[in-house]
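Per TrEMBL, the features are:
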| type | residues | note |
| --- | --- | --- |
| TRANSMEM | 12-38 | transmembrane segment |
| TRANSMEM | 50-67 | transmembrane segment |
| TRANSMEM | 73-95 | transmembrane segment |
| TRANSMEM | 107-126 | transmembrane segment |
| TRANSMEM | 132-155 | transmembrane segment |
| TRANSMEM | 167-189 | transmembrane segment |
| TRANSMEM | 195-216 | transmembrane segment |
Amino acid sequence: MAFLNMEQQTWAFTFGILGNIISLMVFLSPLPTFYRVYRKKATEGFQSTPYVVTLFSCMLWIFYALLKSGSELLVTINGVGCVIETVYIAMFLVYAPRPARVLTAKMLLGLNVGVFGLVALVTMLLSKHGSLRVHVLGWICVSVALSVFAAPLSIMRQVIRTKSVEFMPFSLSFFLVLSAVIWFAYGALKKDVFVAFPNVLGFVFGVAQMALYMAYRSRNPAAAVVMVEEVKLPEHAKEVAAAPEGRASCGAEVHPIDILPVATTRDGPQPVAVAIDVPEPAVVTCAAAAAAGGDGLVAAELAMMKPDAAIAVEV
């Protein structure tokens, strides 16, 4: 019996070491995201909520491990997690717009200072009941761990709405699934329900995120928008250049225009649009030009033009 118990503890220690390694990968998986934030000096569509909640969870698990004997491996990985999440949040506060910074600061003060302080106070009041204190803190850790696993639901909703996985790294989902499996085995071997139970839900959410990534990874809505705009541009230019019904065209038929890069005018370089007229035996008069909406100078120039000349129109 003692041999089996020692073997069980050995396996628990092994899974605990593996859990530390995999959890470290989970904590480091957003590095490409924050490298992008650093490079672009902007947080774009990224949110700070998952990192603030994860920091709060790490703080609680350290507190729980310090109260329960034989949980040193929980202290090590969650201590490292606190440091990494603090760095992420600091970078977010530097590069996020002001409203996002204010919201993040409020969450930090309310959750990581206020709520954690309240939990610590309640736990210390139960100091005479050691087992009750561990159980109360354990269920608090379970509820927070479930919220950590559920935090990416907002990102999943964004992926479904935008049909883009840009803000949901696959590596994070993969390591979450792997971490959930390892820590579930550790909790089962240690007979610690507070460690094993939340990782069941973590496994489910991780698999759901991976499935969502596989469904939307080949879609690029941004490219589709650009293609639509490129197709519509000539039509738009055609509509702008075409004369409305009932307006005289100075004896010429107006065709789709070609956009020229730059033309030098009295006001400096200006982009112009050229409408090519079809030769017709018609005479352009100043009155006809004025009826077309031009001022005196433009009307005079139009009057001197031949029917087969090109008309330069400023855009």
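Each residue, glycine too, has its Cβ placed from N, Cα and C.
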Taking the transmembrane segment (107-126) as the first stretch and the transmembrane segment (50-67) as the second, find out whether 3 or more Cβ pairs fall under 8 Å, excluding pairs closer than 6 in sequence.
yes
Who are the chain neighbours of the transmembrane segment (73-95) in space, where the CB to CB distance is under 8 Å and they lie at least 6 residues beyond its ends?
13, 16-17, 19-20, 23-24, 27-28, 30, 34, 37-38, 41-43, 46, 48, 51-52, 54-55, 58-59, 61-62, 64-66, 101, 104-105, 108, 186, 195
Residues from the same chain, set at least six apart from the ends of the transmembrane segment (50-67), whose C-beta lies under 8 A from its own:
30, 74-75, 78-79, 81-82, 85-86, 88-89, 92, 104, 107-108, 111-112, 115-116, 119-120, 123, 133-134, 137-138, 140-141, 144-145, 147-148, 151-152, 155, 194
Chain residues outside the transmembrane segment (12-38) and at least six past its termini with a C-beta under 8 angstroms from it:
44, 46, 51, 73, 76-77, 80-81, 84-85, 88, 91-92, 95, 169, 171-172, 175-176, 178-179, 182-183, 185-186, 189-190
Counting only residues 6+ away from its ends, which parts of the chain sit with a Cβ under 8 Å from the transmembrane segment (167-189)?
8-9, 11-12, 15-16, 18-19, 22-23, 25-26, 29-30, 32-33, 45-46, 73, 149, 152, 155-156, 158-159, 195-197, 199-200, 202-203, 205-207, 209-210, 212-213, 217
